[in-house]
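Annotated active site, nucleophile per TrEMBL: Asp8, in sequence order. Taken from TrEMBL, the feature Mg(2+) binding site covers Asp8, Asp10, Asp179. Annotated active site, proton donor per TrEMBL: Asp10, in sequence order. Feature annotation from TrEMBL assigns substrate binding site to Asp19, Asp99.
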Amino acid sequence: MKILLVFDFDNTIIDDNSDTWIVQCAPEKKLPIELQDSYEKGFWTEFMGRVFKYLGDEGVREDEMKRAVTSMPFTLGMVELLDFIRKNKDKFDCIIISDSNSVFIDWVLEAAGFHDVFDKVFTNPAAFDSNGHLTVENYHAHSCSRCPKNLCKNVVLVEFIDKQSQQGVNYTRIVYIGDGGNDVCPVTFLKKSDVAMPRKGYTLQKTLSRMSQNLEPMESSVVVWSSGVEIISHLQFLIKE
C-alpha cells in the first residue's frame with residue numbers, strides 16, 4: 001500500500017509561474033497593453049493561447065522559449081525532495097496536477113532529470129504547430145463552480161484514484177502539496193488520514209487558515225511548508241507510522 005503524492009507545479013515545484021515567466025521572451029520583456037487587458041477571470045488558458053500566438057508572431061522560437069522555461073529556479077529544497085521520493089518509489093506514487101501546460105512541464109522535468117519521479121502529469125495539452133507557434137488547449141470541461149473552466153483539480157484527482165482502484169491500486173493516504181487558489185478545491189475534499197501541505201505565505205495556506213478561523217470543516221490535517229526539506233521530514237514521519 002503506497003502513499004499518493006499530488007503536486008502542483010507553478011510556485012510549488014518551481015519557484016515562479018511559468019506562464020508569467022515566459023513573458024521575458026517578448027520584445028522589451030513585456031506584453032502590449034491590449035493583450036494584457038484581454039484576460040478574463042476563469043479564462044487563463046485562452047489568454048495564454050493569445051500570449052503564445054503573440055510571441056510566435058514576434059519571431060520567438062521554440063529553443064528560445066525552452067531556454068527561458070528551463071532557467072526557472074526550483075523551489076527551495078524541492079530537488080532534495082524529488083531525490084528522496086525517487087529513492088523511495090516503492091512507498092510513493094507521485095502525480096502532478098497543474099494549470100501550466102504539458103510542454104513547459106516536460107521541458108523542466110527533462111532538463112532536471114526528474115521525469116521518472118512522476119507516474120502521471122495532468123495539465124493543459126500544448127504543442128508547437130506547423131508555424132512554430134505554441135498552442136494550448138483546456139485540459140477538460142467540468143461542472144465545478146469553484147474552479148477555472150479549463151481545470152478542476154479535484155475532478156482530476158478523484159478520476160485518477162477511481163481508475164487506480166479499478167486496477168487494484170489503493171492508497172493509504174493522499175498528501176497534497178500546492179500553493180494556489182486552484183488547489184483549494186481538491187484539498188477541501190481530502191479525508192481524515194490525508195495531509196494538505198500548503199506553501200507558507202501563498203494563497204492556499206491563507207485560504208485554509210481563513211477557513212479554519214471561520215470553523216469551516218476540513219477533514220485532513222494541514223502541514224505548512226517553506227522548503228521541500230520540511231516535506232521530506234513529514235514524509236519520513238508518515239512512512240514510519
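Placement of Cβ uses the backbone N, Cα and C atoms for every residue, glycine included.
Automatic, uncurated: that is what TrEMBL annotation is.
Of the chain residues outside the Mg(2+) site list Asp8, Asp10, Asp179, Phe9, Asn11, Thr12, Ile13, Ser98, Gly178, Gly180, Asp183, Arg199, Tyr202 have their Cβ within 8 Å of the site's Cβ mean position. Fewest Cβ neighbours within 10 Å among the binding-site residues Asp19, Asp99, Asp179: that distinction goes to Asp19.
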